[in-house]
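J.: Pasting in a structure now, in structure tokens, and then I'll have a few things to ask.
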Amino acid sequence: MAAYMRIPKTCQALLNAKYFSSVIGLRARLAFTSTARHAEFTSKRVRSMFTEFFRDRHRHKLVQSSPVRPRGDPSLLFVNAGMNQFKPIFLGAVDPRSEMAHYRRVVNSQKCVRAGGKHNDLDDVGRDVYHHTFFEMLGNWSFGDYFKEEACSMAWELLTEVYGIPPDRLYVSYFGGDAALGLAADEETREIWLSLGVPPSRVLPFGMRENFWEMGETGPCGPCTEIHYDHVGGRNAASLVNQDSPEVVEIWNLVFMQYTREVDGSLRPLPQLSVDTGMGLERLVTVLQGQRSNYDTDLFTPLLSAIHQSSRCPEYRGRTGQADDGNVDMAYRVLADHIRTLSVCIADGVYPGMSGAELVLRRILRRAVRYSTEVLLAPPGTLASLVPTVAQILGEAYPELYRETVRIMDIINDNEAQFLSSLKQGRGVIDRTLQKMGGAQLFPGSVAWSLHRNLGFPLDLIGLMLEERGVTMDTEAVDRLAAEEEKLKTHTEGPNRESCTELDLHSLSALQGAGIPHTDDSPKYRYSLDQDGRYVFPSCWSTVRALYSSQSLVSEVREGQRCGVVLDQTCFYAEQGGQTHDQGYFIRDGLQDVLFPVEAVQQVGGYVVHQVTAGDALRTGDRVQLFVDTAHRLACMVKHTATHVLNFSLRQLLGEGVEQRGSHVTPDRLRFDFSVRGSLNVQQLQEVEQKVQEVIAQNEDVYVQELPLALAKHIPGLRTVDEVYPDPVRVVSVGIPVPDLTNSSTDRPTSVELCCGTHLLRTGEIHDFVIVAERQLVKGVSRVVAVTGEEARKAREAGHTLVQEVESLSARLPSAGSALCTAHRLSKEVGQLTDAVENVLMPQWQRKELHHRLKAMQRSTNTAIRKLETSEAAGKAHVLLEKHGSKAVVVDTVEADSISVVMKVVNQYSDRAPGTKVMLLSHLQSGRVLCACQVPKGCSALSASDWALAVCSHLGGNAGGSSTVAKGTGNTQDITEALRWAEEFACAKSQH
């Protein structure tokens with residue numbers, strides 16, 4: 001006899017399932033039909049209803065969306081799910097001082113991009129009416145609070161009662177188990193849905209692919225249950241669930257985080273059970289607005305209308321597949337989707353580029369441009385003109401779109417212009433290749449791959465262009481070249497070396513379960529100046545709390561063993577905030593003559609882990625004394641304080657629009673990335689350096705104080721970056737005490753930032769500051785590299801020396817016109833100085849100035865060389881004309897040291913004897929032969945390129961050119977025989 005199902009606690013107060021389903025279903029159908037017809041559910045209202053439901057009814061904390069660039073997660077190109085920003089919580093690696101460490105119930109709407117990596121929808125966008133590269137993920141989370149029962153109940157309540165979706169339109173799926181992995185079916189979830197009134201025929205089991213969610217190749221994962229919606233209704237559509245049917249679509253996925261996927265593929269239970277749900281706003285709005293297509297909702301219709309106004313095609317009609325003549329409606333969908341992705345990504349600091357996420361965004365932009373110009377016949381600039389419409393639709397939820405509208409449009413326009421130029425160039429390459437193919441039907445894969453890799457041509461575009469010409473692309477060769485490049489990239493990057501410092505999730509849980517307190521790293525800030533003005537970094541005594549080796553906690557390590565060491569307190573700085581970690585060593589109590597070198601220091605989940613190669617046996621409970629490498633630490637402090645002053649100076653010079661996009665501080669130099677419309681010119685570089693030098697000269701005090709995060713964020717002029725800050729947070733202010741900033745007792749602008757790094761006590765210790773490099777990483781983001789102190793002085797000296805050398809060379813330049821050998825020598829010197837200026841560490845503003853001067857000098861020497869070569873060639877041509885006259889074929893030698901002179905003599909001879917076929921050879925002392933030839937236009941019997949190639953190949957070399965002019969090189973000891981062979985070849989060809 002079948003057992004009765006268990007009714008969850010949350011449903012005990014409800015009526016029986018059949019009555020609940022019928023009453024709620026009737027009420028929901030009435031409400032749903034009415035609201036859909038009156039378009040009551042705008043996208044803005046649907047979004048706010050979701051967040052308010054969980055915030056107000058179920059005590060969830062509303063958290064803002066994180067940017068689409070992942071925070072410190074190299075495993076992801078983009079944030080592709082709502083849970084990405086909460087990954088540290090699932091991994092147990094969250095900073096215990098941060099606000100995130102206290103999250104239990106959370107709700108938000110997260111900006112997501114799925115256009116690369118494990119989750120990639122790019123190729124599907126436009127082909128159907130529901131795939132997107134950018135979408136908004138509505139989600140609610142529980143971190144060790146509620147689990148399956150409450151998650152399912154809240155989801156059902158929201159969909160059927162708040163949004164009024166008829167229950168008879170909904171189907172749910174659950175994990176049906178996997179025997180190979182030893183995972184049983186999730187019968188608990190099935191019972192929960194049945195208790196909520198969902199008929200058994202609508203609760204459907206599926207396997208790993210459909211109902212087991214994984215964040216990536218490794219990390220938190222677990223079974224999931226999905227809610228699907230039937231757009232048609234009035235039928236049993238269970239057979240269409242998870243069948244990619246446009247009529248029955250998934251709208252909500254509830255993931256139950258129970259496991260973590262290890263590197264070896266195995267699953268281990270998580271120490272804390274959590275819930276991660278995700279519902280695409282676009283699909284939900286489609287349902288609530290009574291549409292079949294996401295593109296027929298108010299998230300897209302204003303964009304489609306704007307596209308129509310700019311194109312020369314009929315308005316959007318929503319067709320797909322073969323019904324979509326000319327792929328016009330597909331092009332509408334591609335533009336509408338891609339401009340949202342481009343706008344959101346660029347606003348969040350991801351710009352079209354040549355690698356990683358930037359390369360994906362470049363592909364998206366170029367795909368959009370192609371559909372815009374070639375399918376919709378829209379003029380250049382159409383794509384960027386859609387950005388204000390995106391901001392109008394999404395700006396209320398994501399105000400950065402309003403702030404960055406102009407920058408987004410500029411970047412899109414610049415990249416579009418570059419691509420259109422590449423298209424023109426690429427078409428020329430294709431045309432020339434087709435001519436060389438001589439009627440062959442298989443286009444070379446090497447050329448196609450070059451177009452794709454170097455000019456950014458989408459491979460599908462190359463295929464279409466070739467198809468129009470009746471030719472196919474050698475896809476096998478293209479695939480082989482792509483695989484080779486990927487293999488080379490993997491080999492270059494090398495295998496990931498397992499780090500002892502990355503405590504795994506279970507070891508972190510074990511430390512916490514054993515009651516081991518988080519590491520006290522406050523001693524890293526306990527340094528001071530002695531009476532002589534020198535920095536003193538005191539050592540500190542600590543106790544070994546844990547040892548980590550080979551992915552597990554151990555009680556002892558042996559001599560020579562590499563391990564991670566967790567101490568109760570440390571004076572070492574762990575790598576964070578852009579500042580590299582400290583170096584140094586510690587010694588074991590009672591073993592003073594054995595050093596334990598500290599190679600790296602990282603902070604994981606509140607524990608500071610020191611990477612050490614044991615100099616002797618080490619056990620938990622041992623007492624050790626820590627010594628920081630003071631020179632290394634002080635150099636980092638200098639660079640970090642200089643970085644803050646640089647950030648402030650750039651903002652003062654270029655305006656409040658300057659935003660930090662990244663920084664890195666090492667003992668040798670500092671690197672700072674920031675948003676700016678164009679590369680800095682010479683004057684701007686000088687002014688930035690001058691502003692930094694002024695702060696150094698004033699020897700300002702550097703004040704550091706911890707404040708509650710909420711109070712710190714209200715400090716006027718505060719600079720922050722996209723990070724999760726601890727609470728309380730350290731405020732670093734240059735020249736003004738922090739209390740004066742919080743009580744607004746000063747309006748003087750200064751550098752003030754939230755920062756966990758170590759800093760100087762006074763700015764004078766920077767001593768000197770020089771920007772030694774500056775370039776645009778991508779359009780809109782520049783990177784400066786700077787040095788300080790002694791390195792800055794050396795850079796100035798190097799720059800001064802090069803200026804003197806350029807001045808000296810400039811004074812000798814007028815002599816370039818006196819003789820060809822002098823001009824060549826001066827040209828070579830200009831090239832050598834150019835290389836030196838490019839590679840020597842020197843002030844960047846000075847480098848730019850010298851580059852400008854050297855380019856002018858190179859032009860001058862090149863002009864002198866051309867004039868002298870032309871004059872010399874004229875004399876040699878005159879001598880040869882007197883010797884040979886207008887013979888049909890002239891083959892002779894000429895004394896010249898460069899192919900350029902030989903070519904000019906041939907040209908001048910041909911100008912004076914236009915009917916003559918001329919080849920001249922210059923036999924150098926080394927045995928090398930320079931060859932140049934020219935034949936009259938229209939000469940069908942002899943091609944110049946064939947003639948030169950034959951002769952140079954005969955001499956063991958190579959040649960190239962056109963049918964009228966060609967040149968090449970070879971080697972011989974018998975120039976007379978070479979002349980005879982060249983003349984006989986020409987005569988033989990001319991007789992045919």
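Using N, Cα and C of the backbone, Cβ positions are placed for all residues, glycine too.
Taken from TrEMBL, the feature Zn(2+) binding site covers His640, His644, Cys755, His759. According to TrEMBL, the domain 'Alanyl-transfer RNA synthetases family profile' annotation covers 41-798.
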J.: Determine which residues of this chain, when His640, His644, Cys755, His759 are set aside, have a Cβ within 8 Å of the centroid of the Zn(2+) site's Cβ atoms, and list them as they appear in the sequence.
T.: Gln579, Met637, Thr641, Thr643, Val702, Val732, Glu753, Gly757, Thr758
J.: Measure the Cβ-based neighbour count of His640 (Zn(2+) binding site), defined as the other Cβ atoms within 10 Å of its Cβ.
T.: 22
J.: Let's check the environment of His759 (Zn(2+) binding site): how many other CB atoms sit within 10 Å of its CB?
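T.: If we count other Cβ atoms within 10 Å of His759 (Zn(2+) binding site), we arrive at 24.
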J.: Residues with Cβ closer than 8 Å to the Cβ of His644 (Zn(2+) binding site), same chain and 6+ apart in sequence?
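T.: Same-chain residues close to His644 (Zn(2+) binding site) (Cβ under 8 Å, separated by 6 or more) are Val732, Val734, Ser751, Glu753, Cys755, His759.
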